[in-house]
Amino acid sequence: MGTIALVVWSMALGAIAAVGLARAGDLFRRPGPAQLRALAFHLSVFLLVLVESGVLRQLAHPGPERLRVLQVLAGPVCVGVSSFWIQGWLGAGERDRLMAAVLRAAAFGVPAGGVAALLLPGELQLPAAALLSLLGSGLTCWLTVRAWTIGDRLALVMAGGCALTLPAIAGLYALAMHRGPWPLAVHVALAVAAVGSNAVTGHGLWRRARRAWRTREGGATAIDPVTQVHSSTALVQQLLAAQKRRRRTGREGALLAVTIFEPERIATLAGNAALNEVWMTLAGRIQRQIGLVNPVGRYWDRCFVGLVETIPARPWLRTIGLRLAGTLRQPVEVTGRNGEAMRVRVDFGVGVVHLRRRPLEVEDVLDEAQRLAEAARQMRSRAALADPQTGEPVPAEQASFHGRPARPLLQPVAATQRAAT
């Protein structure tokens, strides 16, 4: 490596380190897993460029065998770490089963493949590591584009960073394999690609973390002041945008409504401050159940609505309805009028609407979800779906997804109530 090329790569490492230091300061001011993952990503990129570009060989003079092992492992480990944190960044577990499975496999499979590459003959180790790194990075790029097509607007920024990663990794491994003397312009182009990938990806990480932080702090507009979820106006805007995307993508989703009945009972028992604690707790439970990447809003004072833009399969509607009802059954700990700790239970109903490939009007979907939530109040499970044949509310546990009509909705419960009286 010439002196000028060494200067170019040293400047690139300085730019990458500057972004990493900025994220370290962000982690110090607002500690959290998102900031920690971002710092780990920038550190892995710094080490990858340091090892593969030849700067480490020029400055530290490691032994040839040790340097070769570092070069083989650097790319797969960096890509594996990226796949691991980007799974959480995209909310893959709640968004798309295919996305979650591929990213999980890449997070563990690519580094394992890098270790296995050390068993190959010496001349094949670096090409195998380069191929693994490019494959893992290409999969990540494809999945970020896929996330963008199903409604994650920030994923497009991440896809741009992943696209710059591909030529950067290819060029760095070509340098490590000494594929001929490279002109200075090639070194500059590769360094710009590496720095650009790190900067664009870091920008996407920062924007997601800022959005989460502003939502928690209540500094963002269109946030309900009590529960810190979307207000009704922002929620309707999200639904309208999601319906437009549904016309383009043809994906199926779900809308969930949670209606709380007789909340004044809690206010009378424990006070208005305790009731606000209940609203905040319920909003957090709903958000955790449907996934942090899916919007949740307070449609009106007694009704929460959550949107899941993509569902893995139709039976999942039954699962999410029952799971959400189960967590809402748990008592809520509040502080009473005199400062004593109390546990209260809420009277609620969960309505789950299947958003089909041909979207309906937003007002109709919201009305249907609230109708199902009202009906769910009379059910044992407290979760209701619409029968696909008749359109009538049925308990979630009895819902049919294969064209068979479900059992009648209210008769068993009504009969039980009459027998009890």
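Cβ coordinates are placed from backbone N, Cα and C, and glycine is handled just like the others.
Since we're looking at a predicted model, the values are computed, not measured.
Copied over from TrEMBL:
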- 206-386: domain 'GGDEF' (DOMAIN)
- 380-421: region 'Disordered' (REGION)
- 6-24: transmembrane segment (TRANSMEM)
- 36-56: transmembrane segment (TRANSMEM)
- 68-86: transmembrane segment (TRANSMEM)
- 98-120: transmembrane segment (TRANSMEM)
- 126-145: transmembrane segment (TRANSMEM)
- 154-176: transmembrane segment (TRANSMEM)
- 182-206: transmembrane segment (TRANSMEM)
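Of the two recorded stretches, the transmembrane segment (126-145) does not lie close to the transmembrane segment (6-24), with fewer than three CB pairs under 8 Å once pairs fewer than 6 apart in sequence are set aside. Nonlocal intrachain contacts for the transmembrane segment (36-56), taken as residues 6+ away from its ends with a CB within less than 8 angstroms of a stretch CB, comprise 1, 5-6, 9-10, 12-13, 16-17, 19-20, 23-24, 26-27, 62, 67, 70-71, 74-75, 77-78, 81-82, 85, 88-89, 169, 172-173, 175-176, 191, 194, 197-198, 201-202, 205-206, 209. A contact links the transmembrane segment (182-206) to the transmembrane segment (6-24), because at least 3 Cβ pairs that are 6 or more residues apart lie under 8 A. Same-chain residues lying 6+ beyond the ends of the transmembrane segment (68-86) with a Cβ under 8 Å from its Cβ atoms: 37-38, 40-41, 44-45, 47-48, 51-52, 56, 62, 103, 106-111, 113-115, 117-118, 122, 125-126, 128-130, 132-133, 136-137, 139-140, 143-144, 158, 169, 172-173, 176. Per-residue pLDDT, averaged along the domain 'GGDEF' (206-386), amounts to 85 for this model.
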